[in-house]
Amino acid sequence: MSNITVCARFRPLSSRERRDYGDSICIQRIDDETFSLKDEKEGDFKFTFDRVFYETSEQVDVYTFLARPIVRDAMKGINGTIITYGQTGAGKTYSMEGVNILDCDEQKKGLLSRVIDGFFEDISSSGESIKYTIKLSMVEIYMGKVRDLFDLSKDNIQIKESKSEGILLYGVTKIPLLDPAEALQKLSHGLDNRAVGETQMNMGSSRSHSLYIFTIQQEMNKDIRGKYGKLILVDLAGSEKLEKTGAEGRAFEEAKTINKSLSALGNVVCALTCGPTGRGNHIPYRDSKLTRILQDALGGNSRTALLCCCSPSPSNAAETLSTLRFGARAKHIKASPNIESNEDKHAKVLIAPSPTEDDSRDRTLDKVRVQLHAEEVNWLQELSIVQTTLSHPNPAEDSDSDSEGVMICTIVSARHAMEELATGVEQLKHSTKELRRTIEVAERLVAHENAVNAAQHVCFLEKMLNRLMRLVAWFGP
Ligand SMILES: Nc1ncnc2c1ncn2[C@@H]1O[C@H](COP(=O)(O)OP(=O)(O)OP(=O)(O)O)[C@@H](O)[C@H]1O
């Protein structure tokens, strides 16, 4: 069990900070891991993190240290999460996206572009025996709702928990990525749909938490099981002191919602690191959409890295101190990424669910995974989640937002899935007929010569037929 990786990053002073405070800064470098911070009111503090990126550090340094190992692991089927955290205007989006996702010189490219490059680098060096499929979903949590940035009609996506996939966003759009250039176009399209506003600290401030979810599906040759990895990049909205920024109206409501979800995140980190260990310790993941989505990243099967973005200006020393304290506390969180779980089933959820119908469904899925292609397994998993939704349409975590919209969205998605189910069952029936015909041919062979070979053939085909019939029966009429 390892701790999550926590780094601090200080951006250069902004022109406004220079104008008001000259060149003075509130931090003093000690080495690559340690620095001291001076706050006029609270005094001097020394912080040590896995790595500190000072004002002159480059984007590539952040990627290489913080993200590259996680990208590599995601390609091997180990889940990963990279989070940027900090006050508004502290450099979270700069670290994540760079200056401009499509038109950015090499030096300024942010984590997102570099992560995509990393995926495709690993694919090209992996040889032909493994086939990878990478898909991207983009959502934002805005005013307490999860919106699909690739399909704005999905403006209140539900969060579900499946034993096989862990925490998932039900019905979210997943776009396949075929090459880096195309992937950046897709990203740029999603980014254009985000909620952006203006704060006193930042002209183009993110007013929502943005999540970039990459799923990496491996298909190996017939004898080896493929793996499934998930890498989530999270660009959190910035916290701000309402009295300091003087936000009003909508901006005030947005800031309040952002601060509330960040407090919920703080509470989860606190419960994970301060409370008693063991089952008795309640972790309040369900207090916000943000913490619910990050449940796997914070308390489960994921390699997680946190980049604490800070201003070095004395005018923001209090906010910087608060960001660094959050990072220091998060450093104590233990993570236990597990590759095995992503071979047999998708992400593992550490909170042990009570034995339910999910268990038998997962066992069935495990069995069929050995025989079917990855696409088909994904399709079956989607169906199993639909089944859960239909049997338990209103789980506790979503009860705070059980508006009509959610119900309508669920019904429409369920109908769509039922249509897919019907098509799937038809396909299975068709395959069953084909197999029957082949068995008849094989039986005729048995009647003639070559009896031993043909009998084996029949035996194998009969097994396949039984399996298909069980699947048909399992999915209903
Ligand atoms: N390391 C850096 N080097 C150069 N400029 C930076 C750096 N970090 C941030 N900046 C600049 O500082 C400004 C604010 O940064 P950014 O938008 O990334 O803040 P943020 O933390 O995402 O804020 P918000 O939470 O309000 O969205 C931008 O103009 C950005 O280009």
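Using the three backbone atoms N, Cα and C, a Cβ is placed for every residue, glycine included.
Straight from TrEMBL, the features:
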DOMAIN    3-333  domain 'Kinesin motor'
BINDING   Gly86, Gln87, Thr88, Gly89, Ala90, Gly91, Lys92, Thr93  ATP binding site
Inside 10 Å of the Cβ of Lys92 (ATP binding site), count up the other Cβ atoms and send me the figure.
27
So, in DSSP terms, is Gly86 (ATP binding site) helix, strand, or coil?
strand
Taking the Cβ of Gly86 (ATP binding site) as the reference point, list residues of the same chain whose Cβ is under 8 angstroms away and which are at least six residues distant in sequence.
Lys92, Leu236, Gly238, Ser239, Cys308, Cys309, Cys310, Thr323
Which of Gly89, Gly91 (the binding-site residues) has the most other Cβ atoms within 10 Å?
Gly89
Determine the binding-site residues, out of Gln87, Thr88, Ala90, lying near ligand 1 in the sense that the CB is under 6 Å from one of its atoms, and give them in sequence order.
Thr88, Ala90
For Gly91 (ATP binding site), which DSSP three-state class applies?
coil
